[in-house]
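Asker: This is the structure, below, for whatever I ask next.
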Amino acid sequence: MAFPAPFPRLPCSRALHPCTLSFVRIIIGVTGGSGIPYAQDLLRALQELNIETHLIVTAGAARVISAERSTLEEQPGKVTDLERFAQVVHSDRDLGASVASGSFRTDGMVIVPCSASTLAKVALGLGDNLVSRAAHVTLKERRRLVLVLREDPLPRPMLENMLRAFDAGATIMTASPGFYHAPESVADMLGFVTARVLDQFGLDTGRMQRWGEA
Ligand SMILES: Cc1cc2nc3c(=O)[nH]c(=O)nc-3n(C[C@H](O)[C@H](O)[C@H](O)COP(=O)(O)O)c2cc1C
């Protein structure tokens, strides 16, 4: 089965789709895996790149956000620390939202972190909340779907679901930063994962030192 090739590398300052020359639009699903700071870092990077993001936060993620608040950049008065980086925020319960339909054009979706539970829904094609529905739509429209998983150790059902989601067209990633770029801070480690996710869309903030590139 052929899946879309990564977009050509785009200039950092302007985020236009290379074919349609319309602005790039990406759905960001945040679910209840540990690693909400990865979501915040990715949203911030996409905001820097002037990309239209549609954010969906599950109830499971809201619980984890409160546990991981100390690692997140906070701003008083916001429901979560993620919303300030998103252009559009959808309720996970709103199955009538724009992103629930394939006729609403997007350039793809990232679920970060992606819990084992949401992975199972994606693998089986369930759509009982907006994150899983939007992921299903992304796959059926043959758009790019990136799942950034976080769980250890990995039980057999999760390994099987990873393979099912992969076979359906998803890109399976793990929230596991490399160390060959000599990270000096948590921000550097978050930035590594963010850069690898952006690579899937041909986007680059220029912040990560790439192996073999000056
Ligand atoms: C503090 C905390 C950390 C969690 N970490 C993980 C995790 O790393 N991976 C995972 O798959 N689930 C994790 N969970 C469990 C999920 O949040 C839970 O299964 C939830 O139902 C997922 O629902 P969702 O996919 O709709 O967000 C965690 C839960 C809590 C409260």
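Every residue, even glycine, has its Cβ placed from backbone N, Cα and C.
As annotated by TrEMBL, domain 'Flavoprotein' applies to 25-200. Marked as FMN binding site by TrEMBL: G32, G33, S34, T58, S115, A116, S117, T118, R150. Summarising the annotation, TrEMBL assigns dimethylallyl phosphate binding site to Y180, R196.
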Asker: DSSP secondary structure for Y180 (dimethylallyl phosphate binding site), reduced to helix/strand/coil, please.
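Answerer: DSSP assigns Y180 (dimethylallyl phosphate binding site) to coil.
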Asker: Going through the binding-site residues S34, Y180, R196 in sequence order, which have a CB under 6 Å from an atom of ligand 1?
Answerer: S34
Asker: Taking the binding-site residues one at a time (R150, R196), which has its Cβ surrounded by the most other Cβ atoms within 10 Å?
Answerer: R150
Asker: Which one of these binding-site residues has the most other Cβ atoms within 10 Å of its own Cβ: S115, S117?
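Answerer: The largest 10 Å Cβ neighbour count belongs to S115.
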Asker: How many whole Å apart are the CA atoms of S34 (FMN binding site) and Y180 (dimethylallyl phosphate binding site)?
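Answerer: So the Cα of Y180 (dimethylallyl phosphate binding site) lies 23 Å away from that of S34 (FMN binding site).
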Asker: Other residues with Cβ within 8 Å of the Cβ centroid of G32, G33, S34, T58, S115, A116, S117, T118, R150 at the FMN site?
Answerer: T31, G60, A61, V64, P113, C114, L119, E151
Asker: If the FMN binders are G32, G33, S34, T58, S115, A116, S117, T118, R150 per the record, what's the largest distance between their Cα atoms, in Å?
Answerer: 16
Asker: At the Cα level, what's the spacing in Å between S117 (FMN binding site) and R196 (dimethylallyl phosphate binding site), rounded?
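Answerer: It is 23 Å, counting Cα to Cα.
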Asker: When neighbour density is defined as the number of other C-beta atoms within 10 angstroms of a residue's C-beta, which of the binding-site residues G32, S34, Y180 has the lowest density?
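Answerer: Among the binding-site residues G32, S34, Y180, the lowest count of other Cβ atoms within 10 Å belongs to Y180.
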